[in-house]
Amino acid sequence: MSLDVSDLIPVIEPDIEFSLSYSGEKSKREKYKNAITMTILLCINLLNFMDRFIIAGILDKIIHDFKISESQGGLLQTVFVCSYMALAPLFGYLGDRYSRKMLITVGVSVWSVTTLAGSFVPKNLFAVFAILRGLVGIGEASYSCVAPTIIADMYKHDMRTRMLALFNIAVPVGGGLGYIVGAYVSVAFNGNWRWALRITPVLGIVCVILLAVLVREPVRGGADGAQVLKRDNWFSDILKIFRVKSFILTTLGFTWVAFALGALSWWAPRFLQLAYTLHYTVISDKTKANVSLYFGIITCFAGVLGVVMGTEIARWYRKRNQRGDPIVCGVAVLVSVPFLFVALIYSKDNIILTWISIFIAETLLCSNWAIISDMLMYIIVPARRATASSMQIFILHLFGDASSPYIIGLISDFFSKGVHHDDVLWKSLRYAFMLTPIVAGFGGIAFLFAAIFIVRDRHEAEATIESANTLETFHMEVSSNT
């Protein structure tokens, strides 16, 4: 096994004090600081996904207000995610070299301002609204790439797994709250969807203040005992990251799951509203809002249950099988596929069965989020984690949830052929949705293949850290003797 430690040069980072021998027993004060940092990062992640999915909760109103097609409605999410993923590699590079706290502060400020600005765009300027959604993605990219690496530098082993699970619980809870806030705030303001976009910016500014005052940035690699700072170039980073086979396969698996979840999260409320209309003949705006409410509640509970269940099963199985993490991810995704098909087939005729199937499918699909973050942290050395995270974000969004809403919208438009009758629109969306469980199935297979390489890749990362620390000790001894 060959190890490359030439670019892991040990240095003391400015303005950060630490002990050369990292102790697993943290002081109470350090644990308190970590808890505060973790709480603020969790709140920001909650707002992140609230902001992202508020649009989905009011998509029917936006389509009507701007007088746009289904594919243009899907394009809103595609524009957002495209800018998000395009900037992710840049922020990954910066996150491995500069202050992560500053990057998050700037990012949250940018997305708060642009979200608020989007709520004032006139009805005849849809292009401007789409551009502002793109700028929101830029702000979020600076946060998503570096926040998990801060958590990884504060905790290790099982505690890291639990904290990453807690952090990822904000994904379904924030997404669910986004649907609910979007639908009900617009109803509260007499159908004016623009007020729904004015909630998260205020909370975002509060988080920026708390971030600046209370959050402290941990040493990179401190929890792993690697007091190192990156000195290599970005292209070398990328080459070394993509030599890790389990990283490639888990990224592919995550990408295909993101394709399914991206399409489901964006189009499911509208699809179910159409199903309700056909099932009950006529429904009111309040009933449509209730559909978003139900979907939001299910997303919240399914996501929390999925993240907790997946994390705990992976922790239990990992002690019996070192390849347990990718196996748990793969099996969960494959089991979700038949439930997705059931929800699509029976959505108009059996509403209860549809909601049950959606709940089970979302629970299973959400079970791998924290596990994937945890795997990335232990197969990639600390000095490259932000870059690896940014590349994973770039790939999973490019081929996953950036493209899937627009692709589903295009396929739906193809089948509807310009007819806007509810029955035709529902059938068209259902035909388009049939693609999602198939793609998710490929994701499950990719996770199972990752299990072949995960143990070797983890051992290589651990050995690289140990070699870097040995090199540091040697340099210190030489310096003390001269």
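Just so it is clear, glycine is given a Cβ too, placed from its N, Cα and C backbone atoms.
Feature list (source: TrEMBL):
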DOMAIN    37-458  domain 'Major facilitator superfamily (MFS) profile'
TRANSMEM  35-55  transmembrane segment
TRANSMEM  75-95  transmembrane segment
TRANSMEM  102-121  transmembrane segment
TRANSMEM  127-152  transmembrane segment
TRANSMEM  164-189  transmembrane segment
TRANSMEM  195-215  transmembrane segment
TRANSMEM  247-268  transmembrane segment
TRANSMEM  293-314  transmembrane segment
TRANSMEM  326-346  transmembrane segment
TRANSMEM  352-381  transmembrane segment
TRANSMEM  393-411  transmembrane segment
TRANSMEM  431-455  transmembrane segment
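The transmembrane segment (326-346) shares more Cβ pairs under 8 Å with 431-455 than with any other stretch in the list 164-189, 195-215, 247-268, 293-314, 431-455. Here the transmembrane segment (195-215) has Cβ contacts under 8 Å with residues 36-37, 40-41, 43-44, 47, 50-51, 54, 57-58, 101, 104-105, 108-109, 111-113, 115-116, 118-119, 181-183, 185-186, 188-189 of the same chain, all six or more residues outside its ends. Only pairs six or more apart in sequence are counted, and the transmembrane segment (393-411) with the transmembrane segment (352-381) gives fewer than three Cβ pairs under 8 Å, not enough to call it a contact. Distant neighbours of the transmembrane segment (293-314): 57, 161-162, 165, 168-169, 171-173, 175-180, 183-184, 265, 268-269, 272, 324-325, 328-329, 332, 355, 358-360, 362-371, 374; these residues of the same chain sit at least 6 beyond its ends, with a Cβ under 8 Å from one of its Cβ atoms. Tertiary proximity for the transmembrane segment (75-95) is limited to same-chain residues at least six positions away from its ends with a CB under 8 Å from its CB atoms, namely 52, 55-56, 59, 62, 103, 107, 129-131, 133-138, 140-142, 144-146, 149, 234, 237, 262, 266, 386-391, 393-394, 396-398, 401-403, 405-406, 409. Recorded stretches compared: 102-121, 164-189, 247-268, 352-381, 431-455; the one with the most Cβ pairs under 8 Å to the transmembrane segment (35-55) is 164-189.
The highest tally of CB pairs under 8 A with the transmembrane segment (247-268), across 102-121, 164-189, 352-381, is held by 352-381.
Beyond its flanks by at least six residues, the transmembrane segment (164-189) meets 38, 41-42, 45-58, 61, 147-148, 151-152, 195-196, 199, 265, 269, 285-286, 288-289, 292-293, 295-304, 306-308, 311, 362, 366, 369-370, 373-374, 377 of its own chain at Cβ-Cβ distances under 8 Å.
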